[in-house]
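Chemist: Take a look at what TrEMBL says about it:
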ACT_SITE  His145  active site, tele-phosphohistidine intermediate
ACT_SITE  Glu223  active site, proton donor/acceptor
BINDING   144-151, Arg196, 223-226, 250-251, 323-324  substrate binding site
REGION    1-29  region 'Disordered'
SITE      His322  site 'Transition state stabilizer'
Amino acid sequence: MDSPGQASRKRSQSRGYESSYKKKKDKTPLCEACDDKVLSGKRLCLACLKAAAGHAEPDPDVLSYIRQAVSEGLRQSERAKKRCRSFSPEEYADLNSDEYAPPHKCSSPGPCAVALSCFLHCHIIFQEVSPLSSMSKYKLVMLRHGEGAWNIENRFCSWVDQKLSADGLKEAEMCGKHLKSLGFEFDVVFTSILSRSIQTAWLVLQELGQEWVPIRSSWRLNERHYGALIGLNRAELALNHGEEQVKIWRRSYDVAPPPIDETHPYYQVIHTDRRYSFCDTQKEKLPKSESLKHVLERLLPYWNDVIAPEIKKGKNILISAHGNSTRALLKHLEGISDTDIINISLPTGVPVLLELDEHLHPIKPHVFLGDQEAIQAAIKKVEDQGKVKPSDN
């Protein structure tokens, strides 16, 4: 009895396709089950895949690429038809691009392996723009901690230890619930040594039901040291020094605020904090002010020596850190320019997903996970923190 692929091949031969097949046989990859031709990189032909895979769960990475390719793929139907004789544009006339996959007639709740395979066979644009070899190997989730007490007061918190506010606790819990709904599981969580970062990690893991996951903390993931600006209100600072200067202090890459000195009201609070006695650097050598460039410089050794090796081992990583340590890492991984990083703002309690290849290079830009409209509103709120309040004019 012929295999499904062999039966399909015989039908093709009866339609006059044998001669063209013979000409290309020595150059075309063959199905492992029936020796019929398949696309480069695929192990089985469509017919054998149907028999072997049935209604298998679709790969989420495949779906994400289909999402990008659907519209253009349909526009390229004529080109696709030349590539694949079995292509029938009418089959996809009612395709719902919001579902990111062609319709199918089985009882599977999601697109089955057959439908996905057919899509890959028939849409040439998918082969050109989104080859399977470029799909992500690792997923890294980064998170700015939930709202802290000084976030409410719009003050520079920096290295002063503050707990989460009531809303910050809720943000962390909601973040955990959302990650759970997306099916995330973590093997290691990295945090700074500041309470708001660690609290956020605890709450996220609790909502995930993964409280047992180990947490590793380092000062190298701390928030940027804002020096003499620590404790000051951003809006009041903008009133006195101008919004542009405050934006430079807050968002520029290589400009550090004035350093903190012993006369500063929070100098002793930080200097005598016991946690800074356990750093891998002598307390006297810890920064007294930092630009984002400085943050990246002290963060990179920890990334290269500790975090990156864990990712390459295949471990699922969550980094619960701060606005600027996360921005610095995004800049490094995505190659964001010194100028463009000024306009990157991260809201509290919103997870950021970065998909990486085997070399830990991003395969596409980072994305915020959650309600996009609410996230954009939260980003604007962060950007407005350094502006003069209307009542102050």
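A Cβ is built for glycine as well, from the same backbone N, Cα and C atoms used for every other residue.
A quick note: this is a predicted structure, and the numbers were derived from the prediction, not measured.
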Chemist: Near Glu223 (active site, proton donor/acceptor), which residues of its own chain have a C-beta under 8 A away, given they sit six or more steps off in sequence?
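Modeler: Long-range Cβ contacts: Cys157, Ser158, Trp159, Ser192, Leu194, Ala321, His322, Gly323, Asn324, Ser325.
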Chemist: Mind telling me which of the binding-site residues Trp150, Tyr226 has the densest Cβ neighbourhood, counting other Cβ atoms within 10 Å?
Modeler: Tyr226
Chemist: So if I draw a 10 Å sphere around the Cβ of Glu147 (substrate binding site), how many other Cβ atoms end up inside it?
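Modeler: Taking every protein chain into account, the count is 23.
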Chemist: Which of the three DSSP-derived classes (helix, strand, coil) applies to Arg144 (substrate binding site)?
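Modeler: DSSP assigns Arg144 (substrate binding site) to strand.
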Chemist: How many other Cβ atoms are found within 10 Å of the Cβ atom of Gly323 (substrate binding site), counting all protein chains shown?
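Modeler: I get 19 for this one.
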